[in-house]
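Quick look at what TrEMBL annotates:
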{"type": "TRANSMEM", "residues": "47-62", "note": "transmembrane segment"}
{"type": "TRANSMEM", "residues": "82-104", "note": "transmembrane segment"}
{"type": "TRANSMEM", "residues": "124-149", "note": "transmembrane segment"}
{"type": "TRANSMEM", "residues": "155-174", "note": "transmembrane segment"}
{"type": "TRANSMEM", "residues": "186-204", "note": "transmembrane segment"}
{"type": "TRANSMEM", "residues": "224-251", "note": "transmembrane segment"}
{"type": "TRANSMEM", "residues": "272-293", "note": "transmembrane segment"}
{"type": "TRANSMEM", "residues": "330-354", "note": "transmembrane segment"}
{"type": "TRANSMEM", "residues": "366-385", "note": "transmembrane segment"}
{"type": "TRANSMEM", "residues": "391-411", "note": "transmembrane segment"}
{"type": "TRANSMEM", "residues": "423-447", "note": "transmembrane segment"}
{"type": "TRANSMEM", "residues": "467-489", "note": "transmembrane segment"}
Amino acid sequence: MSVTGSSSGHPQFIASTGNRSLSNAPLIENPDSDQIVVPDRTSWKNLFAYVGPGFLVSIAYIDPGNFETDLQSGAQYKYELLWIILVASCAALLIQTMAANLGVVTGMHLAEHCRAEYSRLPNFILWVIAEVAIVACDIPEVIGTAFALNMLFNIPVWIGVLLTGLSTLVLLALQQYGVRKLEFFIAFLVFTIAGCFMAELGYAKPVAKEVVTGLFVPKLKGSGATGLAISLLGAMVMPHNLFLHSALVLSRKIPRSVRGIKEACRFYMIESAFALTVAFLINISVISVSGAVCHSSNLSAEDQKSCQDLDLNKASFLLRNVLGKWSSKLFAVALLASGQSSTITGTYAGQYGFLDLRLKSWIRNLLTRCLAIVPSLIVALIGGSAGAGELIIIASMILSFELPFALIPLLKFTSSKIKMGEHVNSITISAVTWIIGSLIMGINIYYLMTSFVKLLLHAHLRIVAKVFLGILGFSGVALYIGGIAYLVFRKNKKTTHVLTLGTLEDQQMANAEGDVSMYSLPREDIVSMQLPQKRTPAEFD
């Protein structure tokens with residue numbers, strides 16, 4: 001039985017006829033809809049229908065920016081900072097699960113919630129911040145891919161930067177075959193990265209006891225270790241990932257009942273946990289390999305110097321000198337897979353915006369990629385490999401500063417009864433996530449202030465110039481804190497109907513309020529999810 005839908009002529013809601021044969025229905029109901037239908041049954045086999053979004057999200061945790069930070073922490077402190085990866089991975093799982101729950105429960109992704117909740121000016125500012133975050137995320141991937149091409153084929157870095165634009169064509173080609181094909185491709189790249197670094201562990205042979213100690217015994221020796229620990233934490237949660245995950249879950253048509261939504265949230269959490277566990281093991285492997293190689297007793301003077309300031313480019317030569325040619329090649333293959341998968345998912349995340357811009361996907365993808373390629377190309381031409389490596393660090397810092405503007409709305413929306421209904425975060429989950437968010441924001445503000453003060457104190461400028469820059473800089477910090485405060489203390493005003501019928505009383509109340517189109521269906525298991533890029537302009541009117 002179908003219910004009359006939107007003016008576009010396509011049914012807006014599809015209800016089950018009550019025939020239990022749906023449990024044997026194929027996952028893809030209609031190839032043109034590009035959606036995966038979850039069978040209406042209680043079975044662990046449903047998990048396979050949910051597998052996919054977690055792997056796209058996990059790429060952000062194993063991108064070239066993460067690799068560079070991992071290499072530096074292993075080179076300088078061996079295995080002492082492994083516990084940071086464990087803590088950050090647990091926090092990431094919690095936050096990503098909340099992003100998935102928001103999409104599953106409400107049928108809207110995070111950017112759509114922001115567009116509905118905030119007025120035009122805050123939405124415009126959030127859109128600019130989100131676009132800058134996507135570009136900042138794309139820069140390390142572009143440079144990492146260029147480094148990998150240089151290691152494998154001796155292609156100059158600046159030419160490699162230009163060649164990374166071809167990954168946009170790969171994304172467009174994959175999108176023609178649907179999101180499921182994209183998910184399988186990304187999962188293949190994730191396991192390629194994992195396989196390469198598992199092999200690297202066989203070459204490096206780190207001491208297992210020391211690795212386990214580093215994982216479970218927290219240590220921070222000196223300000224340098226603290227700075228690297230903050231970098232590791234900042235690199236683990238990306239702002240664009242929150243928008244992406246909340247949108248990707250809309251590619252599944254799930255039974256719109258209390259049981260169906262709870263099952264979807266549970267299976268998405270399991271799927272995300274598996275994908276993030278793979279990413280966690282990859283990060284552990286990178287740090288362990290770096291720690292074992294740089295603290296080896298038979299390093300040459302040149303290799304010891306490389307370990308003091310290790311980056312992606314130097315790592316290849318270091319591995320070749322210490323472990324052999326094949327170790328260097330494996331690292332390059334892993335870096336290439338990481339860079340390509342990260343650029344694809346980063347560009348894909350750019351399709352879910354605040355302003356509902358009517359741009360064709362290839363135009364949006366091309367614009368996003370060009371904004372990342374231009375600064376990377378300029379720096380690669382002027383500064384070479386060293387300059388490109390510095391740009392990765394700058395991009396990671398930008399992402400860290402922008403995270404609160406995606407994290408706070410997520411925490412607010414998922415902790416709001418008027419948006420999530422009975423699926424709202426528990427008090428414990430809300431408390432833990434707000435503590436995590438507060439720590440991230442506090443660390444960002446502290447480092448922003450201290451770094452700016454150090455810059456002013458050590459700059460060779462006249463007093464007048466320092467005063468002017470000081471006023472300008474502290475005004476920027478005040479605006480940054482003011483923006484965070486606005487998001488934290490502003491109350492949610494827009495009510496989002498949870499797409500399920502909890503009780504008969506809920507249905508009668510909804511009918512009384514005039515929400516007949518959503519609640520007057522004879523069955524609770526309503527299938528109404530549409531991929532955001534598939535919606536027609538008529539559906540927004």
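Even glycines carry a Cβ here, placed using N, Cα and C.
Against the transmembrane segment (47-62), stretch 272-293 has more CB pairs under 8 A than any other of 82-104, 272-293, 391-411, 423-447, 467-489.
The transmembrane segment (224-251) shares more Cβ pairs under 8 Å with 391-411 than with any other stretch in the list 186-204, 272-293, 391-411. The stretches the transmembrane segment (467-489) and the transmembrane segment (272-293) are not in mutual contact, being linked by fewer than three Cβ pairs under 8 Å (pairs 6 or more apart in sequence).
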